Amino acid sequence: MGGPVARETAACAFLPLGPLAPGHTLVVPTSPVADVFTTPGTVPAETVALVGRVARAMRSGPGATGVNVLNASGPGSDQSMHHLHFHVVPRWVDDGISTWPTGRSQHRFTGDPAGRPAEAMAVKATAVEQGRTG
């Protein structure tokens, strides 16, 4: 782990050992959480609030003109560390970093209704919010 940036009750921020850009920062919840799928209670809001503060500091400090917030959760995402974390990477025009995937997924959605991903995900999200399924 690199140097500390901020520490709050529910989350902390620190510099990684191999930064992608000057100021690249990791934001992690202080409680043991594996990924976005298992994040309890107010942890998401408090962690993302710190992500926002770090991002704003990148604009005012090193003068970044943009920021990427990156997270990988679950086996299909290439998650390498099984503790929820967000990379906050300061960006500048023509900085040489490519963060968008360069290909398209070969996976085909098979969920209901009628194989329409957005509608099926909305139905599932509503059920989860109502506590009917996990």
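Think of each number as a place in line: the chain as shown, counted from 1.
Glycine is treated like the rest: Cβ placed from N, Cα and C.
Annotations in TrEMBL come from automatic prediction, not curation.
Under the heading active site, tele-AMP-histidine intermediate, TrEMBL lists His85. Secondary structure at His85 (active site, tele-AMP-histidine intermediate), taken from DSSP and collapsed to helix, strand or coil, is coil.
Among the features that TrEMBL reports, domain 'HIT' is placed at 1-98.
Feature annotation from TrEMBL assigns motif 'Histidine triad motif' to 83-87. Within its own chain, the motif 'Histidine triad motif' (83-87) is flanked in space by residues 16, 20, 24-29, 32-36, 39, 47-48, 51, 68-71, 73, which lie at least six positions past its ends and keep a Cβ under 8 Å from the stretch.
Note: His85 (active site, tele-AMP-histidine intermediate) has non-local neighbours Leu26, Val27, Val28, Asn71, i.e. same-chain residues 6+ apart with C-beta under 8 A of its own C-beta.
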